């Protein structure tokens, strides 16, 4: 019993230092690796027991937090197998010993509250875990010395063997989401801490096919004050696995006996079969005849270089992280992003489907040739090819549908036939026969080799011959395409692919040299074409040495049916036994067809699972334990059948080669791109790649595409480009951390740094605005107007100062930041959202003015909304507001204030976010539309009643007036009139402005910002119909002169205007009633120091610094009158303008009180169309020098 218990603890204590206090259960993912051969197959009860690692709570102190209930991993089957164990290693409770190997049966669990069942079996244990730092394996048999309990494992615990990490060779996975045990922390190094040691399970994706995901303790759990229970739920989403990928992973995991292939069966065999096509037997000898031995070897060499570089690139991508199913598509999409991946995936799957047709027709042609030889044709040759092709493809479909295991068996059988055929040919080259001499075959001979060394092109060129050979070198991705069915893709893809390229390349070269060395180019097949002795002197051919004269072939091309140039079936003539070569041809074509028939649906399934093309989702469904894409098989079958019925492959072959080459080019390019982006996540374990070699490979692939067939290459490029543009336009909602993102970041960083090293120039001045919007959706008019003139021109930052928090919640700030940044992007607003926590508005504004932006991308203009309610609240708010304007000038910023007579802030309107949502593009935005009033949940769309609110409005018709849902339950309420107007005003800059005017009142020269903003505005599409009218101040007696001077200046600035008005009457006294209205307005804010003691007056001024002194009022009488007068002029001239842009009056800091300044702004801008008060920082922003 004690031994059994120790035994159990040995297993339960994986990954814990010796002598640690026994921990609560650590959930180790029970990934099983089949036991080593020595562990005997046990009875069903036992095998069920050894299938699991049982983990239950040990007795011992628990960390605070809910204690787990009886663990559900405890299974009673073990009890039945109890009693048989005799463990020979006595050990103390703390020591960790290796159970001796004869204990291959499960240990008996002690009954009782501290029941601790575990899996016994020494060999079983050794097979499952590699044990680090054991003293000596032989000591495992002898009893461990009780004196040195911890000796065995000094610096480490047992670690999982690599194989278990990759779940190799059909290991079964179990999913246990232990939702009711909250103690997933193990105590580290014997201390009672909830910090966790590094563990592979923290890094898994949810429900990854390799084991359970554990959640490491969050930073807040370790760092926050203990006012909240630190042990929240152990798993982030224990039960709720949502995405289809996870469902598929779970499905695959639960099923028994999933077939996974090793590198030989999965990759090497497939690649070799796919690369050795019909070309080897039918065309290789012809290529040697045309190009000669030297150039034929060069052709093979060139093709091999292209495939080898691609093989190296594939290996690099395949070893940079865990590879799922989908082959070339998966590799390209995960490294270059969905745009490239989606366009290539579709083409690659299609190319594979058409390749099935190509290979099947190649097979059918051979069969028809045999039938024709035996006079057994069914109809005519073309229709026979169609009939045989159709029957073949149906049989192949049957093999594929039977499952991957059958398909793999078929492949191995075909490989054996193929290798037999190749060996058979090479044996034949060493057995020259007299009967074959008239056909041009004389055995190995130096003169024949020398004669065939150089080229002899007939109606062909080097490149056309290369184009015919190159498809024979493709097929290197056959292994990678079934990446999902490989046990360890990271090891299998590099090893299998590169070895296959090497072996096939050597065989191609061997065939080229051997055919060129023993067969002449032309032979008549006529035994009587011998050389008579008197002509011996004139005969120069290599055949003359053997007594044959084939010189007639030169004059009469058609009479010669044999030799390298004329007979495609030379290899079967040479070989030891002809029919084996025919079998080899059958095997080569059928295996390639089968490999393509399997590749196409797998790649297509992976493409559909990612949902890049919305209409194709139905093909993502997998069936059976291996998740077979049956629908994809049927589709591939359909495409292949269509092309088989065409039966003209000389048209199809170049297109396919180009499709394959396009994907090779992109695989090479993605390695170059990833290395260029220099992302820390790019660290392939396969080191033998080089970014420049990959780039050369990509360029080579493109060159070869055009060499093979220029029109097919153009067509391929057009199709890829079309799909690329489509996917880019659709913007699929995926984020795979592609190298495109990494490179974008890298370039942005480099350019930003580069920009900082350059001094600004007036010509390049851009208004970079810090806009005090609050939440970006709460002041739409401000956001839209500023966006109109900064879009694609300058930087725009939406500043948001959050005050009044006793303890700021920075985590919430970060989530809000991400949320509103998404909202801006979805609304196509090119801006950044930058919230800060501050004690008060003034401090927050200082933070933003100082810290917003980066390098040269720093704001230079502060944009505020006008404070419409300044007379209602606390006057200290006005003090703060005015100080923000003063501070912007202190920081050398320009200042801009926008005033709408209806107001700007719409956040108080219940449900205005619903209105915003009705402008959204997609329904997926619901998490982003955030109401300021966080108590209510907004997912109703204002234009149509939401599905949840249907009980309230049964009629369900879309309401015309923007009705707003107050709450899920309450009926809809119409807006009051002022809110209705406010909403309409807030959206006025979103629509096209029509033919109107932008009136620029450029009264004071601030460097030209007052003029630049209207110019930028009218350049935009919404504002382009508006004309600029310029108003300037001047003297009555020189109005014409002033107008001409201004016109000259504007034309030098190259700014179009429709009209210039010189106002000679600015300094006229304003109307009496307007002056008295002003005095009435400022009455409550006056200090009236003449009516009280000086000391009391000073005290009041200190406590309420915004008050207006009598002295100040007298001092600035003229300026006050000017503001009142300007308002009269504005109403007279610009009451119909779409927008007024006017110089902002300045107030000297410390001399003018904030109430006075606010009153000036109020009186200047009241009762007018939208008005923008602008003041640059008095440095030139316009220039007329080139």
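Each Cβ is built from the backbone N, Cα and C atoms, and glycine gets one as well.
As recorded in TrEMBL:
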COMPBIAS  1-14  compositional bias 'Basic residues'
COMPBIAS  22-32  compositional bias 'Pro residues'
COMPBIAS  33-50  compositional bias 'Low complexity'
COMPBIAS  91-106  compositional bias 'Low complexity'
COMPBIAS  140-149  compositional bias 'Low complexity'
DOMAIN    178-230  domain 'Amino acid permease N-terminal'
DOMAIN    779-1186  domain 'SLC12A transporter C-terminal'
REGION    1-124  region 'Disordered'
REGION    137-174  region 'Disordered'
REGION    934-975  region 'Disordered'
TRANSMEM  267-287  transmembrane segment
TRANSMEM  293-323  transmembrane segment
TRANSMEM  344-373  transmembrane segment
TRANSMEM  385-403  transmembrane segment
TRANSMEM  412-433  transmembrane segment
TRANSMEM  461-480  transmembrane segment
TRANSMEM  492-511  transmembrane segment
TRANSMEM  577-600  transmembrane segment
TRANSMEM  630-649  transmembrane segment
TRANSMEM  655-676  transmembrane segment
TRANSMEM  688-706  transmembrane segment
Recorded stretch, among 293-323, 412-433, 461-480, 492-511, 577-600, maximising Cβ pairs under 8 Å relative to the transmembrane segment (655-676):
293-323
Find the member of 267-287, 461-480, 577-600, 688-706 that has more C-beta pairs under 8 Å to the transmembrane segment (492-511) than any other listed stretch.
267-287
With a cut-off of 8 Å between Cβ atoms, can you find at least three pairs linking the transmembrane segment (630-649) to the transmembrane segment (412-433)? Only pairs 6 or more residues apart in sequence count.
no
If you count every Cβ pair below 8 Å, which range out of 293-323, 344-373, 412-433, 461-480 shares the most with the transmembrane segment (385-403)?
344-373
Can you find at least 3 Cβ pairs under 8 Å between the transmembrane segment (293-323) and the transmembrane segment (412-433), where each pair is 6 or more residues apart in sequence?
no
Cβ-Cβ under 8 Å with the transmembrane segment (461-480): same-chain residues at least 6 beyond its ends:
266-268, 270-271, 273-277, 279-280, 283-284, 287, 290-291, 295, 299-300, 302-304, 306-307, 310-311, 314, 318, 327-328, 331, 455, 486, 489, 492-493, 496-497, 500-501, 504, 508, 592, 595-596, 599, 653-654, 656-657, 660-661, 663-664, 704, 707-709
Across the domain 'SLC12A transporter C-terminal' (779-1186), what is the average pLDDT of the model, as a whole number?
80
